[in-house]
Amino acid sequence: MTKSILITGGARSGKSALAERMTLTLGEPAVYIATAEAFDDEMAARIALHRSRRGPEWRTVAAPLDLAGALRDSDGGAPRLVDCLTLWLSNLMLADRDWEAAVADLCALIPQLTAPVVFVTNEVGSGIVPDNALARAYRDAAGLTNQRMAVACDDLWLCVAGYPMKVK
Amino acid sequence: MTKSILITGGARSGKSALAERMTLTLGEPAVYIATAEAFDDEMAARIALHRSRRGPEWRTVAAPLDLAGALRDSDGGAPRLVDCLTLWLSNLMLADRDWEAAVADLCALIPQLTAPVVFVTNEVGSGIVPDNALARAYRDAAGLTNQRMAVACDDLWLCVAGYPMKVK
Amino acid sequence: MTKSILITGGARSGKSALAERMTLTLGEPAVYIATAEAFDDEMAARIALHRSRRGPEWRTVAAPLDLAGALRDSDGGAPRLVDCLTLWLSNLMLADRDWEAAVADLCALIPQLTAPVVFVTNEVGSGIVPDNALARAYRDAAGLTNQRMAVACDDLWLCVAGYPMKVK
């Protein structure tokens, strides 16, 4: 069975850079599966920053919604980095998709993959309870997604200030 | 002396399910001490979900305010799970009780108990500083409660995506 | 080379008390480098609380902006505790200083110091994405500062409910 890794942590905790290093230890070249869409200038700037940091050893694939499809299509060779699950979840919810079914499908796919995969996700539940119901629903969905993905993946790391702590 | 365990973590990090498993390893049947009150539909749904997950090996006791009393009354046999301390703290603050005295009483009680107890609490201080003073006061109170409970309990675990990390 | 330690954690997670204990194990008396300014009553109360907890083995120096200067001026003997970096960052941003240059200068200074130093910082990125752009910018800056300081320091600890977890 191939290796699957989940990396979680707060915003700007260095998860992406850590995940890139981990992915490249699993093989080169590697595939970067981006779930981000450049809705606004702030997001476009963040995407550009991430892309500029990655070198020519990366091929980029966009998968804002059909993450399982992108993993199947890119399977069989190079390691993949999915960055990130919480943005994918947000895309699914905004598009009014059944995110719980999508997460279940993704978790069922992981043990069938033959090439390694590293997933980046976010901790969003360690602040004060949000005022609005939508933010609370998103927070709940992100937490449940993280729990299910942690069961499905071989390894789980918590990233703190750029350094990894092994959880599972 | 009996075993006392504190489990902390973000919202939807899988703390309750982890705490239920830990409690049942300490003995069966077990007592579930619920601090939640069903103020609204969202909370009622969350309580029903938690209850449906627990099986017939659990007896449920409600203790929105008098947690020390519920621990004394249920002492002597089965292990207890208290879920959760931050909700209890919120109940105390809303009822205008002296929460610092209540926390001090609880911490003093723990070493006198004869049956094991597992406490669930929440990390609420790892987001941006809240705008309003009430949320900041609650955040401070929750953090101080966690610190005092961590000293009073034998073990401290941080729950990340459903998996435990030993802290103390 | 001298010892440099970075301690991170949520608000009210017991970081300051932990950092004080760690600093005193490195030598006594010690220097407390405070980045806080008493802008309002809430902050003044917090500063007074922190100061009252520290005993006569501490000498206090204020450094709301020129942290590198305070470290250079106090170098050569007693260990220093800097509490905290996120407040310093906030002071720099409010004063419209180039915080990235200031962080780079600080990181470059650390290996040149001869007396030990313990830095306290905050985790602010594990809640829901803030509504306003200023809070997001601050969250990003704090996360990047933590990453850079974690590289520059010898040791990195995550404080959970008053107890330390070794990260680096």
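Placed from the backbone N, Cα and C atoms, the Cβ positions cover glycine too.
TrEMBL annotations:
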type: ACT_SITE; residues: A:His50; note: active site, GMP-histidine intermediate
type: BINDING; residues: A:9-16, A:34-36, A:51-54, A:Asp83; note: GTP binding site
- Set of same-chain residues at least 6 away whose C-beta sits under 8 angstroms from A:Ala36 (GTP binding site): A:Met43, A:Arg46, A:Ile47, A:Pro64, A:Asp83, A:Cys84, A:Leu87
- Given the binding-site residues A:Ser13, A:Ser52, which one's Cβ is surrounded by the fewest other Cβ atoms within 10 Å? A:Ser52
- Item | C-alpha spacing of the residue listed as 'active site, GMP-histidine intermediate' relative to A:Lys15 (GTP binding site), in angstrom | 12
- How long is the line from the C-alpha of A:Ser13 (GTP binding site) to the C-alpha of the residue listed as 'active site, GMP-histidine intermediate', rounded to the nearest angstrom? 14
- Check each of A:Ala11, A:Lys15, A:His50, A:Ser52, A:Arg54 (the recorded positions) against chain C and write down, in sequence order, those whose C-beta lies under 8 A from a C-beta there; write 'none' if there are none. A:Ala11
- Where the distance is taken from Cα to Cα, which of the binding-site residues A:Gly9, A:Ala11, A:Ala34 turns out closest to the residue listed as 'active site, GMP-histidine intermediate'? A:Ala34
- Message: Under DSSP, is A:His50 (active site, GMP-histidine intermediate) part of a helix or a strand, or is it coil?
- Response: helix
- Note on the structure: The number of other Cβ atoms within 10 Å of the Cβ of A:Lys15 (GTP binding site), counted over all protein chains shown, is 26
